[in-house]
Number of protein chains: 2
Amino acid sequence: MAIRYPNGKKYTAPTPDESKKTMKEKNISYSNRGKSLEDYIDETNVYYLHRNIAVIHKKPVPVQIVKVEYPSRSAAVIREAYFRTPSTTDYNGVFNGAYIDFDAKETENKTSFPLKNVHAHQVKHMEGIANQQGISFLIVRFTSLDRYFIVPCVMLLAAWKRMLDGGRKSIPLSDFEEQAIEIHLGLTPRLDYLKAITTLLP
Amino acid sequence: MAIRYPNGKKYTAPTPDESKKTMKEKNISYSNRGKSLEDYIDETNVYYLHRNIAVIHKKPVPVQIVKVEYPSRSAAVIREAYFRTPSTTDYNGVFNGAYIDFDAKETENKTSFPLKNVHAHQVKHMEGIANQQGISFLIVRFTSLDRYFIVPCVMLLAAWKRMLDGGRKSIPLSDFEEQAIEIHLGLTPRLDYLKAITTLLP
């Protein structure tokens with residue numbers, strides 16, 4: 001299925017100039033302005049990988065390729081392709097024998113997390129992971145509050161079921177404070193989510 | 001890094017006509033002509049998923065997106081993108097608590113498997129998986145012989161090290177017969193690789 005744009009946002013490819021600027025800013029001020037949750041997770045996964053703590057990667061953006069050109073003496077160019085809806089979560093990997101699988105979600109909402117941020121097929125996927133004794137969760141960022149939570153699969157499934165049964169279409173912040181695991185930004189790693197999920201491990 | 005084409009092959013998008021033809025042929029004759037190893041693995045993974053045996057997916061082809069157009073009232077169109085070298089293996093997932101990670105390789109060679117089919121970064125990735133107690137392997141098809149083998153990570157690492165030490169740049173078929181796990185095509189599932197790797201599980 002083709003979609004208009006991934007994650008409801010227009011795709012913006014980083015230009016060389018922008019990348020350089022970001023690197024420079026980071027070196028000088030350690031500023032986090034404009035950094036997305038995905039940036040923090042990517043940085044954290046690189047840290048985990050280099051320290052041999054875990055091997056966790058983001059999956060590539062799924063695209064449906066329609067037309068490819070092969071100019072002589074240069075790289076193949078994709079000339080027509082469409083974004084597809086991912087059928088799984090964005091991140092997975094292995095941590096000390098445990099299968100880790102999660103997705104990153106951001107909301108501007110200050111009082112609750114709207115469940116429309118989660119797709120039905122992702123919930124089904126996470127349920128399948130749980131049935132295989134994998135560790136599955138969401139990392140949710142309340143952007144306006146700059147607060148980060150790990151939502152264990154079982155908490156998400158309960159909220160999802162409640163919605164399907166006609167209940168509320170969001171998870172209130174108070175539920176996060178009671179049932180989710182709050183994590184705080186650090187320097188290295190930026191977002192130590194693996195430390196936070198030890199209670200979820202077998 | 002942009003590459004000329006993924007897996008050394010030109011990309012061919014399936015046309016609706018071709019898909020229909022394949023479906024028809026399959027229904028009538030159960031013919032396997034033209035089916036690739038990836039086809040068999042995909043079919044097997046769907047079988048595993050629907051029977052709740054395991055959750056294992058192929059990762060999307062990684063592409064570097066450069067230019068996207070947003071025609072009004074229709075889906076976003078990627079107008080310029082390039083194939084990137086994958087930094088990991090193509091398949092991963094979870095099976096009864098175990099992290100599963102592998103790549104599929106085909107060779108026309110009848111007497112040995114050339115190690116040029118494997119990339120250095122894939123070997124490094126598989127080594128990292130093994131260090132995290134994940135189950136990592138290759139599924140190799142000798143296409144001309146129609147024989148299929150599971151190459152455990154430890155066997156690949158030994159052959160890779162031998163090559164780096166100046167030894168042979170391929171794994172002879174006799175090594176496969178002695179050290180790998182041979183699997184045979186079936187009907188459902190087509191290629192029951194999980195059954196074959198039970199000896200590799202913790």
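Cβ coordinates come from backbone N, Cα and C, glycine included.
Database features, via TrEMBL:
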type	residues	note
REGION	B:1-24	region 'Disordered'
BINDING	B:Thr88, B:Asp90, B:Asp103, B:Gln122	Mg(2+) binding site
SITE	B:Lys105	site 'Transition state stabilizer'
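The structure, with features from TrEMBL marked on it.
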residue  : record                             : Cβ neighbours (10 Å)
B:Thr88  : Mg(2+) binding site                : 22
B:Asp90  : Mg(2+) binding site                : 19
B:Asp103 : Mg(2+) binding site                : 23
B:Lys105 : site 'Transition state stabilizer' : 19
B:Gln122 : Mg(2+) binding site                : 22
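Using a Cβ-Cβ cut-off of under 8 Å to chain A, the recorded positions B:Thr88, B:Asp90, B:Asp103, B:Lys105 reduce to B:Thr88. B:Gln122 (Mg(2+) binding site) and B:Lys105 (site 'Transition state stabilizer') have their C-alpha atoms 12 Å apart, to the nearest angstrom. Mapped onto three states, the DSSP output places B:Asp90 (Mg(2+) binding site) in coil. Within 8 A of the CB centroid of the Mg(2+) site residues B:Thr88, B:Asp90, B:Asp103, B:Gln122, the other residues of that chain are B:Pro86, B:Thr89, B:Tyr91, B:Asp101, B:Phe102, B:His125, B:Met126. When secondary structure is read from DSSP and collapsed to three states, B:Asp103 (Mg(2+) binding site) falls in the strand class.
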